[in-house]
Amino acid sequence: MGSLKNEEEMEQIVEESKEAILYVNGVRKVLPDGLAHLTLLEYLRDFGLTGTKLGCGEGGCGACTVMISHYDRKLKKCVHYAVNACLAPLYSVEGMHVITVEGVGNHKRGLHPIQKSLERYHGSQCGFCTPGFIMSLYALLRSSQTPPTEEQIEESLAGNLCRCTGYRPIVDAFRVFAKTDDALYADISSLSLQGGEFVCPSTGKPCSCGSKTVNDIDTNGQSICSATYKPVSYSEVDGSTYTDKELIFPPELLLRKLTPLSLSGLGGLKWYRPLTVKYVLELKEKYPNAKLLVGNTEVGVEMRLKRIQYQVFISVTHVPELNMLNVKEDGIEIGAAVRLTELLNLLREVVTQHPAHETSACKAFIEQLKWFAGTQIKNVASVGGNVCTASPISDLNPLWMAARAKFRIINCKGNIRTALAEKFFLGYRKVDLAGDEILLSVFLPWTRCFEYVKEFKQAHRRDDDIAIVNAGMRVCLEEKGEEWVVSDASIAYGGVAPLSLCAIKTKEFLIGKKWNQDVLRGALNVLRTDILIKEDAPGGMVEFRKSLTLSFFFKFFLWVLHQIEGKKPIKEKVLLSHLSAIKSLHRPPLVASQDYEIKKHGTSVGSPEVHLSSRLQVTGEAEYTDDTPMPPNGLHAAFVLSKKPHARILAIDDSGAKSSPGFAGIFFAKDVPGSNEIGPVVMDEELFASEFVTCVGQVIGVVVADTHENAKRAAGKVHVEYEELPAILSIEDAVSAKSFHPNTEKLLRKGDVDLCFQSDQCDKIIEGKVQVGGQEHFYLEPHSSLVWTMDGGNEVHMISSTQAPQKHQKYVSHVLGLPMSKVVCKTKRIGGGFGGKETRSAFLAAAAAIPSYLMNRPVKITLDRDIDMMTSGQRHSFLGKYKVGFTNNGKVLALDLQIYNNAGNSLDLSLAILERAMFHSDNVYEIPNVRIFGSVCFTNFPSHTAFRGFGGPQGMLIAENWIQRIALELKKSPEEIREMNFQGEGSILHYGQQLEHCTLAQLWNELKLSCDFLKARDEVDQFNLHNRWKKRGVAMIPTKFGISFTTKFMNQAGALVNVYTDGTVLVTHGGVEMGQGLHTKVAQVAASAFNISLSSVFISETSTDKVPNASPTAASASSDMYAAAVLDACEQIKARMEPIASQRNFSSFAEIVRDSSIVRKKGKKVPLSTTNCNVRQFTLSRVSNSLPI
C-alpha cells in the first residue's frame, strides 16, 4: 500500500515529473502520448484487468463499473465515485486512482466484505454483471462517512443491470451494509418482545438471529440473519475502509500539481485539458468544431454506436470557472461543467436550508434527477453537456425552461451574454451558441411565494430509462379575494418535437385566469392545438404521447390545488379519490424472504450451496471468452453486414478496407474452403451472403485486423452496391403473401370442433386475435469466439460463448471441410444465454474460423452490443386467431386456433418453437374439442431463435387472452373461469399425452390459501373504488410447461469422471454453465456419490474432445440429464473399487483410491476413470407430438 514519503522530497519529484500518470489498484502507470482514442475500459482490459466487463458500450448496463478517486483541492478531501469505464476517455482520469474489482479483493489475498456477502447470499449466477454491482456498492461505501440507508444502496445500483439473478439476492447481500435503527442498539430492552421474540437490529423486525453474527442455515433449515457491516475507519483522504487491506489514495497524487495536457490519438485525434476558461476559449477559437467534454456520456455513444468521428476534444473537468456552485440571494449559479451528482447534492442541501416557497424548482430538479440516469452516469455527466446536447427528450431542459433559468454564455473574446432557457433551443440538436461561444453557467432563480414548479416524466420503466414524454411546468398565483389568479406561467415539453418545446399559447391563455376547473378545461383545449405531434413522428406512439401532454397538465393542476389547499382556504379542493394522481412514487426498500426445507442426501445433494464459481465471479477472476488473452500474432474480426432487408448484391468494393490501418484480410463466400451453406436443422442459410441478402444485418463477409477497432473501421469502409427487392416485414404481410418456410404447416386435433360449434352445446362463441411481440435476449455477455489452428491448420480449436459447443464444432468443420474429429470447441462459462446462444452463436465461430484457417493465425470476434442485437434474432413474435365456444357457466367446449410465428429469414429452430406453442395453447384447461393450425412465416428479419420458454409462453399467453375474454363476457372473475376448466389426473391432451401425477388443483388451492388471494382481491377492489387515477390489480395465473427436447434422441447426456490418487475428482460433462448452477449441482451429485466433500470435486470446462456429441444446454432438462450421467459414472467407478474397499476399514476416500490405483486385480489396475452416456426419455417425448398435414 505504500507510505508517505518526506513531503519536500515528494514535491520535488512531482515538480520534475511532467508525464501523464494514472494509478490502477495502487500501481503507478505512465500514460504515453497517442492513446486519446482509448476508453478506460479498453486500457484496463488490455492490461489484463478483465474483471471490468464490456456489456453494452453506452453506460447502460453497469458491467464496466470502476471506482475513481481524486483529490478535490477545493473541498480539501478525496472524492470517490463510480463511473462507466466504457465511456470514460483514458486521459480523463489522468492524475486519478482507478480501483477495479481486482483491487477490492481476490481469492488469494482474501475477499472484501462486499464480495463475501454477495457470494453468501447467492447474488451471482452467470456472474458477468457481478463485478459492476460490487464496484457500485464499493464506491458508495468508500464515499460515505456513515453507513448508507437502504434507499441509498438501491439508488446506487440503479445503473447496474442483472439479466439472470434478479435483484432480490443482490439487495439482500448489500442490505447488511445499511444504516440500522440506532435505538435498537441503545435500548437493549427493546430487543425483546412479548413471548421472548428477538428483534433483529438490521431489519427492526422479529427474527431468530439472536446474538449470532454470521449468516448460516441451522439444522432445521431456518435462515439466520447476518450481522451488519460497519466501516472500521474513515478519513477525508481514503474515505471509509472496511478492512485493513483497502487500497489507500496514492500519496503522490495528493501532492501532485495539475498541469494542462496536450495529447493525441489515432487518426490525428487531439486531446486537450485546459485549466482555465481563458485557455478553453483560446482552444475553441483555434478549433471551432472541437467537442467540449466532461463525462463523455453523449459523445462516447456517438462515436461508438453512430460511428461519428471527432478530431479535437477539450476536457473542461478541471476548469474552476466552469465548476462553480454559488448559492446567491436571488438563486443558484451552476457552472456548466458541474456534474449532475454534485448538483443533486447541492439541491438537497439547499432544500433543507431555505424557505420552502423558494425551493419549489429545486425540489422538481431533485425528483427529476433521481430518475435521470444511473449513478455512474450522473457522477460524470455535466449540466452544460446535457443542455448543449439539446436532446429533444432531455429530462432537464424542459425544467430549465419552465423554471425561468438563464444561461450565461461567453465568447472567445471574453464577452458574456445571457440567454433565457426557453429561447435557447432552436431546433434538433441546435442551440443559441455561435461557433466561438461556450456555455459558462446556468442561473436557477428562487421561486416566489405561491409559485410552483413541477417535473413530469413517462418512460417505459422508471429507473434509468429515456423519456417517452417529459415536461416542466410552472405557475405563479396571486390571491384575489377567495380566488387564485395566474400571474405568470410556463409549460415546456420534451419528446413531442425535434426540440424541447414551450406551450406558448397555453401560457398566454393561463395568465390572468382563475385557477379552477374552467381554466383546466380551457387549457386542455388549447394544449391540443398548441402541442402537435405529427402522425409519422420519430418514436411512434403518437396517440399515447398526445395523451401524456394533457395528462401531465391535469396532474399539475391537481398538484397546485393541493399545494394551495395545505396553506390557505380554497374554494376548489382536490377530491380524496383524485389524490392518487398527484402522489409521488415512493418505492419502499425491497424486502423478501425464502422458506425452504433442507433434506440432504449424502454429503452435498440437497444442501443450499453457493455457486461454485461465485468466489471467482465476485472478484472478477472468473474468465469469459473475451477475457481469454489474445495469442501472439492474433487478429480481431468484424463483419461486413447487409444494410438492406431484401436485395441482390451487384458489386462489392473492398478497396477502402484494404487501405485501412491495421488491415490483415477480408473474406467472402468465394473464400470458404468447405460449404457455405449452414443451419442447425435445415441448411437454408449462407455463412456469407453470395448473391442475395434477405435481412438487414446478414453477414456478407468478415474483415480481420490487428485491433478490434481497426477491424470495425475497415469493415465499415466496404461498399456494397444493391438492387433492392420487395421485403416482407410482418406476420400479416407474410400470411397475405403466403410467405412460409417449406414443410412447416402443422395441425393438431382433438374431438370435432366444427360439430361442436354447429350444435347447440355452446351458449356463446367469441372470436379474437392476439399479437405477441418479440424480445431481445440481452444476455450481458455478447457473442464471442476465439479460434486458432494447430499443426499448420490440421486441427482447429476454439473457445466460444455458446450453449451448444457441439454445434460450433459441427459448423466449423462443415465450412472448413474438416472432419469433426479435428475441431475442438471449449466453453468455460457463459455470461447468460437464454436460448440466444443455442444456435445463433455458431455462425459467429464459423465466420471467424475462415480467416483463422486460411491465414493460420488466431482470430477473435466479439460483437458490440448493437451488432449483436442486429444479427442474432429475438424471441419469436406470434399471431394467434382464435374462436372459442363455451357455456353460460364458463365451461370451455371448443377451441379453433390459427397460430403463426415470425421465423425471420431462415428456419433455425422456428418449427420446433411453433410446435411447442401449439402444445401449450391449451395452457392447463380441459377442452373437449381442439383444432390448432400452425405455420412458420418467412420474413426479411434476422433469423429468430430459441428464447426462454421456446414458444410455450406465447401459446399460453394466447390462451389466457381468451380466458379473460370469457370472464368479461360472463361477468365473472378470470380465476373462477380458470378453476372450472382445470385439467386433472388422466386428462388426455390435444397431442395425445395423458396427464399423470397432476398436482394442479392442489398447488392452486394451497397458493390461493397461503397468499389469502380473496382478501388481496377485496383490498384491490377497495383501493380502486377510492382512487380514480391510480389502479391496482392482482391475478393468479396457472401454467403447465413441458420440459425436455421434443426431438427424443436429444434427451441424452454424457459425462467423464476422473478420480485422482489424492482423493479429488475431476468431472467433465456436456452441459454448459451459464449461471443456472449446472456445474454446482453436478458436483454435488459426484460428492454425495463418493461420500466426499464438495470441495474435493472440480469441474473445469465443457469440451467436445472430452464429451462428444452433446445436446445443447437447453429445454429445462440439463441438470437432470447430466447429473444422472455423472451419477452413473460414479457408481461404475465405485463398483470397480468395491473389492478393494471391502477388504478393510479405510480412513478416507483418498486412501481407498490410492490402494485401488496400485493394487492389481487379475493382472490389471482398477480403472479410476469412466465415460458414461445417460439417455432419458421425458414424458413429453413419449408420443408423436405433431402431425403433418
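Including glycine, each Cβ sits where the backbone N, Cα and C put it.
TrEMBL: automatically predicted annotations, no manual curation.
Per TrEMBL, these features apply:
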{"type": "BINDING", "residues": "Cys56, Cys61, Cys64, Cys86", "note": "[2Fe-2S] cluster 1 binding site"}
{"type": "BINDING", "residues": "Cys126, Cys129, Cys162, Cys164", "note": "[2Fe-2S] cluster 2 binding site"}
{"type": "BINDING", "residues": "292-299, Phe372, 382-386, Asp395, Leu439, Lys457", "note": "FAD binding site"}
{"type": "BINDING", "residues": "Gln803, Phe834, Arg948, Ala1115", "note": "Mo-molybdopterin binding site"}
{"type": "BINDING", "residues": "Glu838, Arg916, Phe950, Thr1046", "note": "substrate binding site"}
{"type": "DOMAIN", "residues": "18-104", "note": "domain '2Fe-2S ferredoxin-type'"}
{"type": "DOMAIN", "residues": "264-449", "note": "domain 'FAD-binding PCMH-type'"}
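Structure with TrEMBL features highlighted.
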residue : record                          : CB count, 10 Å
Cys126  : [2Fe-2S] cluster 2 binding site : 28
Cys129  : [2Fe-2S] cluster 2 binding site : 29
Leu292  : FAD binding site                : 25
Gly385  : FAD binding site                : 24
Gln803  : Mo-molybdopterin binding site   : 27
Glu838  : substrate binding site          : 25
Arg916  : substrate binding site          : 25
Arg948  : Mo-molybdopterin binding site   : 15
Phe950  : substrate binding site          : 27
Ala1115 : Mo-molybdopterin binding site   : 24
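When the binding-site residues Cys162, Cys164, Arg916 are ranked by how far their Cα is from the Cα of Ser382 (FAD binding site), Cys162 comes first. Take the CB of Cys64 ([2Fe-2S] cluster 1 binding site) and look out to 10 A: across all protein chains shown you find 28 other CB atoms. Geometry remark: Gln803 (Mo-molybdopterin binding site) versus Glu838 (substrate binding site), CA distance 5 Å. Closest to Cys56 ([2Fe-2S] cluster 1 binding site) by Cα-Cα distance, out of the binding-site residues Cys126, Cys162, Phe950, Ala1115, is Cys162. Predicted-model confidence for the domain '2Fe-2S ferredoxin-type' (18-104) is 95, expressed as mean pLDDT. When the C-alpha distances from Glu838 (substrate binding site) to the binding-site residues Cys61, Cys64, Cys164, Gly295, Leu439 are tabulated, the minimum falls on Cys164.
Among the binding-site residues listed (Cys61, Cys129, Cys162, Thr1046), Cys61 has its Cα nearest to the Cα of Leu439 (FAD binding site). Here is what falls inside 10 Å of the CA of Ala1115 (Mo-molybdopterin binding site) among the binding-site residues Cys129, Cys162, Cys164, Gly385, Phe950, Thr1046: Phe950, Thr1046. In this structure, the binding-site residues under consideration are Cys61, Cys86, Cys164, Leu439, and the one with the smallest number of other Cβ atoms within 10 Å of its Cβ is Cys164. DSSP assignment over the domain '2Fe-2S ferredoxin-type' (18-104) gives 15 helix, 29 strand, 43 coil. For the binding-site residues given as Ser382, Thr1046, the lowest number of other CB atoms within 10 Å of the residue's CB is seen at Thr1046. Largest CA to CA distance in the substrate binding set (Glu838, Arg916, Phe950, Thr1046): 17 Å, whole number. Arg916 (substrate binding site) sits 12 Å from Arg948 (Mo-molybdopterin binding site), taking the Cα positions as reference. Measuring Cα to Cα from Cys64 ([2Fe-2S] cluster 1 binding site), none of the binding-site residues Cys162, Leu292, Glu298, Phe834 fall within 10 Å. Apart from the site residues Cys126, Cys129, Cys162, Cys164, the chain places the Cβ of Ser124, Gln125, Gly127, Phe128, Thr130, Leu161, Arg163, Thr165, Leu780, Gly831, Gly832, Gly1075 no farther than 8 Å from the centroid of the site's Cβ atoms, the recorded [2Fe-2S] cluster 2 location.
Apart from the site residues Glu838, Arg916, Phe950, Thr1046, the chain places the Cβ of Leu909, Ala912, Ile913, Ala946, Gly951, Phe1045, Ala1114, Ala1115 no farther than 8 Å from the centroid of the site's Cβ atoms, the recorded substrate location.
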